[in-house]
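A.B. asks: So TrEMBL says this about it:
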DOMAIN    4-117  domain 'Response regulatory'
MOD_RES   Asp53  4-aspartylphosphate
DOMAIN    127-226  domain 'OmpR/PhoB-type'
DNA_BIND  127-226  DNA-binding region
Amino acid sequence: MSYKVLVVDDEPRIHTFIRISLSAEGFDYIGASTIAEAKACFESHSPHVILLDLGLPDGDGTEFLTTLRQTHKTPVLVLTARDQEEEKIRLLEAGANDYLSKPFGVKELIARIKVLVRDLVDEQSIADELVAGRVKIIKSTHQFWLDQREIPLTKKEFSFIEQLILKPGKLIEQTHLLAVIWGKSHVEDTHYLRVLVSQLRKKLNDSADEQRLLKTEPGLGYRLVLEASKHY
């Protein structure tokens, strides 16, 4: 996978230097010279990492950072000539992941970008794998394990389990489950859920009488029964 890096700086020579350095390391370069261009590039390209200068023609880069942090967690490395400690603290508090003082060398720049990408990959990996008690799922591959045994599930069965594991032990209302799995037009079709849960119980050896894994709350919804976690 090639990671996209948005460079926001109004100095052409900085863009040239960074573009060559990124390309040599296999990153995709996206360039912007103003806050307005940065916003447009972010919306159209969805970069994985942002390199952000502060002194831009249409405002302070901190404004872009503050606005970005209201809705996105995209890693931001600030490129700054402001070397005061108070300024660096302000940037970190505004949402910067890291900062690099100008002038900087290519090796340090690439090293810091790679750290941000590594942290991003680790975070995505953690978010992709969910574990609760005896159950584990990997969302990206639709894999499901019960007591360390992988069990194939249909798309709808997996979606049902995913909704329960997101809030383990909590009641998940049947209207929510119907809307997520079959669509909002089916929120009254509770028999869909009854059939699906019946099929799941057979696969998971979870009888309706014992309900050791899937707990039915009549007329309300379902919950994932929590027991002591096992190691995977």
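Glycine is treated like the rest: Cβ placed from N, Cα and C.
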A.B. asks: Test of understanding: give the count of other CB atoms lying within 10 angstroms of the CB of the residue listed as '4-aspartylphosphate'.
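C.D. replies: The Cβ of the residue listed as '4-aspartylphosphate' has 21 Cβ neighbours within 10 Å.
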A.B. asks: Under the DSSP assignment, what numbers of helix, strand and coil residues are found in the domain 'OmpR/PhoB-type' (127-226)?
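C.D. replies: Looking at the domain 'OmpR/PhoB-type' (127-226) with DSSP, the answer is 41 helix, 24 strand, 35 coil.
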A.B. asks: Please work out the helix, strand and coil residue numbers for the domain 'Response regulatory' (4-117) from the DSSP assignment.
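C.D. replies: Helix, strand and coil residues of the domain 'Response regulatory' (4-117) number 55 helix, 28 strand, 31 coil.
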